[in-house]
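Structure first, then comments.
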Amino acid sequence: MDSRFVRATIRHLVTVIFLGICMMWIMAPTNTYLQKWRPSISKKVVSTYFGTQAPSMLIWTFPVLFVASLGSLYLHLGKNSNQDASKSNEKKHRRALWRKPVLVKGPLGIVSGIELALSIMFIALLVWSLVTYLRRLHTITPKEAAKEGVKVWEMKLCYVAVWIGLTGNVCLAFLFYPVARGSSVLPLLGLTSEGSIKYHIWLGHMTMVLFTIHGICYIIYWAVTGNISEVINVLYYIITRQNLKGNISLLSFFFIFFWSSFFSLVLTLHMLKWSHSHISNVAGEIALLGGLGLWAATFPQIRRKTFELFFYAHHLYIIFVFFFILHVGIDYTFIMLPGFYLFIVDRYLRFLQSRTSVRLLSARLLPCNVVELNFAKTHGLTYNPTSIMFVNVPSISKLQWHPFTVSSNSNMEPDKLSVIIKSEGSWSTKLHQMLSSPIERLDVSIEGPYGPQSNHFLRHDTIVMVSGGSGITPFISIIRELIFRSKISQCKTPDMILIAVFKSSLDLTMLDLLLPMTGSPSDLSNLKLHIEAYVTKEKEPTTDNSKRVRSILFKPLPTDKPMAPILGPNSWFWLAAIISSSFIMFLILIGIITRFYIYPRDHNKYEFSASTKAVLNVLAICVSIAATASAAVFWNKKQYSREATQVQNIEGQAPLGSPNLRAYNGDRELESLPHQSLAQATKVHYGGRPDLKRMLFERKGESVGVLVCGPKKLRHDVAAICSSGLADNLHFESISFSW
């Protein structure tokens, strides 16, 4: 069967299921859903094998995991026939207007038109849900409140707290999709993991705001229903009476202490109520405290100054999610479970990949405190430009993982993968210090690489790349990809302009990384590349002969392995198999547990311990994912172990030294040997910054892709120019990390 027909069928099926899920989210808060749909589904679905949680699994969890599995198959079928954007000229400008920046310097950063539209739609969904719930307040009567032993306004406060929590759960349901790096959901939407982090940040803030209000409302409710008014009246009477006398006796202090202790005890008994078969207050409070601790460490003032605190505090998500499940029960957890399920699959695969110590071939130290690490890899590991990889050096920190852009090209360098690291933070500075001293070996673990599914930048006639400092690293991979394509006669490459802004002359040595170590002067002969380099803090070129390029060859251990895809070359196919088979295994396990352990004691009457039931479900999910993912990884490991053995015998090549960059004839020409072709394409300017508006508006092509990576101000300036409306042919894209 034609793969294009299968892909089209899957795409339409996914669209139908997605629209159905959206309709369910819209209808869920309404009385129509609660009074007609849900009871009707429950009568037909509830069984002795899955119990009362069956409707939630059928409505919320199964469709999303089914879409994720189909999406993985869709990506697998399209991998061999990678359809670059350059082949679809008729679709080149279809979404250009939506992708242009609309908000540039607001609190949300750079926001495109489609992001703004979807954000407004999502907020409208939250408002719709909350308003739909609040419209039921008029149904609360004094008679119903009297049955509960509370006043009408107190009962309304309790219901408002519940409904705010339900609205917050909508945000929680989407929270984990952006951080599932290897999931098929993001590529289906044309997103990358690093570009989606901002959505995770937005959803995280909304989730914690709603859950915090939910918790505060309940604390107020517990306080007022615990006779706090009588306590306050007694305390006020004692204090005012004693103040009239001008003194406070020991007996008065005793009464104040007694009534304060009594109030605290009453309030604590309400808050520490762990229901056997219903909502657990204690679990909710622990989840909220874990979430607040995580949330506090995410604010920019803390995250930028103490990244380690932010990193370690983020592991509180385990406490938050686990006690959230105990708080609401497993039946309601299936609403947020799909995103977290895919995150667990991705997280476990990353864990298995990070257990292997990869083979580090060599390192190149540039005078500008930049390090290039070169790893051995198998031919089956392929990736597209602008991909990222997470690196861990146990000798610096066993827990810290830092993302870096992959600078090598899998077509030009099939046996090697390179990343470039600039010494800017404490971790990268320690790494540079370690490599600056005599060293024969360095243990390194990796996760990834992760990147776009297509070379989307090829759809443009002209590419303008604007970089600031180490922001040049993503563009190195793009230029190397176009160097490879320029050698293929059938491929037409776009014109390229690189505008690189540096602080000092030493930083110019980063331009020599544009060519791979095996590059030759003729590599750029067929490439239309023009480089404008700006040195902002120097009026004229300076040389420092004491700082030279150093090359280091490492002596790896026999246990070191070349980098390889954790699920082999057909990773998307195996991911679909893991998602589907693990969910089937979970259904089998939980069916056996329910039929032979839970049902005989409960008979679907909500009398079985809700916490025990939730823990059993969580264990079944973890066991299912661990078993299926481990089996898939083990099978693929056996398949590519022979190739890994061949690559392991490759000796690391010593990197070429960086040529000495010197300017002559003013500040307009750059000469470097042996990379003469690179020197001819480069102009260096000293003592000023580029006139970005003029340089961008001068581009007269029909479609000009403007890619920017660097400091926040640089990204905002370029986005403002592209969104000004003065040039319709400029298409902005930021590829900087958002975290």
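Along the chain as shown, residues are numbered 1 onward.
Yeah, the Cβs are placed from backbone N, Cα and C, and that goes for glycine too.
Those TrEMBL annotations? Automatic predictions, nothing curated.
Feature annotation from TrEMBL assigns domain 'FAD-binding FR-type' to 353-456.
The annotation transmembrane segment is assigned in TrEMBL to 12-34 (among others).
Summarising the annotation, TrEMBL assigns transmembrane segment to 55-77 (among others). If you look at the transmembrane segment (55-77), the same-chain residues 6 or more away from its ends with a CB under 8 A from one of its CBs are 3, 6-7, 10-11, 13-14, 17-18, 20-21, 24, 38, 41-42, 45-46, 183-185, 187-188, 331-335, 337-339, 341-342, 453, 570, 572-573, 575-576, 579-580, 583, 587.
Marked as transmembrane segment by TrEMBL: 108-134 (among others).
Here TrEMBL flags 157-179 (among others) as transmembrane segment.
If you look up TrEMBL, you'll see 199-224 (among others) marked as transmembrane segment.
Per TrEMBL, the feature transmembrane segment maps to 250-272 (among others).
Among the features that TrEMBL reports, transmembrane segment is placed at 278-297 (among others).
Feature annotation from TrEMBL assigns transmembrane segment to 572-593 (among others).
Residues 53, 322, 325-326, 329-330, 333, 341, 344-345, 348-349, 352, 566-567, 574, 577-578, 581-583, 585-586, 589-590, 593, 597-598 of the same chain lie 6+ residues outside the transmembrane segment (614-635) yet bring a C-beta within less than 8 angstroms of a C-beta in it. Taken from TrEMBL, the feature transmembrane segment applies to 614-635 (among others).
The stretch from 12-34, 199-224, 278-297, 572-593 with the most CB pairs below 8 A to the transmembrane segment (108-134) is 12-34. Mean predicted confidence for the domain 'FAD-binding FR-type' (353-456): the pLDDT average there is 88.
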